[in-house]
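Copied from TrEMBL, the annotated features are:
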type: ACT_SITE; residues: Glu361; note: active site, proton donor
type: ACT_SITE; residues: His392; note: active site
type: ACT_SITE; residues: Lys512; note: active site
Amino acid sequence: MTNRTENILPLTERNAWKALAVHYEQLRHLQLRTLFADDPQRGERMTVEAVGLYLDYSKNLITDETLTLLLQLARECGLRQRIEAMFCGEKINITENRAVLHVALRAPKEASIVVDGVNVVSQVHAVLDKMVDFSERVRSGEWKGHTGKRIRNVVNIGIGGSDLGPVMAYEALKYYSERTMIFRFVSNIDSTDFTEAVHDLDPAETLFIVSSKTFTTLETMTNAHTAREWLLAAFGGDTQSIAKHFVAVSTNAEEVAKFGIDTAQMFEFWDWVGGRYSMTSAIGLSTMLAIGSANFRIMLSGFHQMDEHFRTAPFESNLPVLMGLLTVWYADFFGTQAIAVLPYEQYLKRFPAYLQQLVMESNGKQMTLNGSRVSYNTSPIYWGEPGTNGQHSFYQLLHQGTSLIPCDFIAFIETLNTLGRHHDILLSNVFAQSEALAFGKTMEQVKAEGTPDWLVPHRIFEGNRPSNTLLAERLTPEALGKLIALYEHSVFTQGAIWGINSFDQWGVELGKVLAQRIIPELESKVEPALGHDSSTNQLIRRYRNSKRT
Ligand SMILES: O=P(O)(O)OC[C@H]1O[C@](O)(CO)[C@@H](O)[C@@H]1O
């Protein structure tokens, strides 16, 4: 594998970067109050609407010049060429020599993207058709369990990208899902996860989807073997039952066969689909089983619309580009360490958890593509909770803490569950929070309320805390697809500016290797010779000496 990137100009040497550094010094004390007072149209002007998503980015600590410079930075970093390289199937994941083609997973049938001489779009649609056929047979009851009962329970076993997308999508699209079926998700190696997931399920009505790109992941394979035993125990060890109760989603046919699942019951995907970008691949099988194939295809079309927007829209009206550049602005010039993602939509309760992997596994890096250490910040921490729960938890820090935490508010004009005044009250909170964060409450305002002098400082909100507000009409499968693709491509934009590889994840390897070494040390009958540091040795001894079995 060759390093084709050694001539890239370091980010901090780019003209736009240097200009942004100077510009930041000039406007670091700028106040949103002033920006809005000086430009009464700001809240209408600094908005973009595309493919049914409305982004209000006016409450950011930016001027028109900031935007001009950020857009110039994007051009200087070759963002347009990098986008094209991804969409054309170039092997931009250079440390693994792989193409990065989650966009092919939602491309229309007639499209063509060639990797190593193969049109991957045809492969994608062949697997999609197989998923549709299978999910319809299960949902209609045609697919029967070992004893002839219909499948009522689906348990997805997977972790990371093989879990977070499916769980998030299941929760997000519950309104559209088949309510007569039960969906569970087992990811953690903690035995409690599996135990609780199946405790009330009838094995004769349960289908396990073992989802793993590699089919070697310790957690998933351990849980899958436990599921196999659980099933066999119910059927007197009859291994014939496995065919009716297990399917696999993987890139690794050999390991699937070794596990005992017929590869005819394997739904394939490919090494050019990163785990955290895989929910529109066969990893979405549980989603399709829950919402049906028609809704699944609608979700894919939402993803595709955002893909096309990202690929073709001018940068100044390109939603993912703007959001990505704003993140760079805060991370690198304001030193922001965290971004809060705040969906005011209960169905999106797992969306922040999903984004944690998408963003932090992608851009939590410190090596540039040419192998030198970055001299600037890369990914902030993304976290969040659905509104209004977060308000009664950590918003105190957002409003009055010492850290600057930009927020992404996400809301829908219509609720899926109309109930009295709930939705108006919910939305009033979104708008109130971004207003309060931006404009705060001055000492004069606090005093004017008759607050005693000693209490005044505690009740001041300095404001000037930035946020984006994203509005869509209604949470549909299509809207969900657009929203997720928006964040995927915002992450891409950030990675392209930082000059890092957003598509590998070497940082998760060391812990996995060390755990493999420690497992036999915990299980061995004889006292093992421990060669760790004194802390790790002592923790292992304490566990060994205290455990009962
Ligand atoms: O699908 P697999 O191969 O089981 O991997 C699961 C997850 O493990 C990781 O490789 C590392 O945590 C993720 O990137 C991936 O989504």
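Cβ atoms are placed via backbone N, Cα and C, with glycine included.
TrEMBL feature annotations superimposed on the structure.
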residue: Glu361; record: active site, proton donor; DSSP class: helix
residue: His392; record: active site; DSSP class: helix
residue: Lys512; record: active site; DSSP class: helix
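Between the CA atoms of Lys512 (active site) and the residue listed as 'active site, proton donor' there is a gap of 15 Å, rounded to the nearest whole number.
Other Cβ atoms within 10 Å of the Cβ of Lys512 (active site) number 11 in total over all chains.
Counting only the Cα atoms, the space from His392 (active site) to the residue listed as 'active site, proton donor' is about 29 angstrom. Proximity of Glu361 (active site, proton donor) to non-local residues of its own chain (separation of 6 or more, Cβ distance below 8 Å) is seen for Gly160, Arg276, Gln505, Gly507, Val508, given in sequence order. Within 10 Å of the C-beta of His392 (active site) we count 10 further C-beta atoms, all protein chains included.
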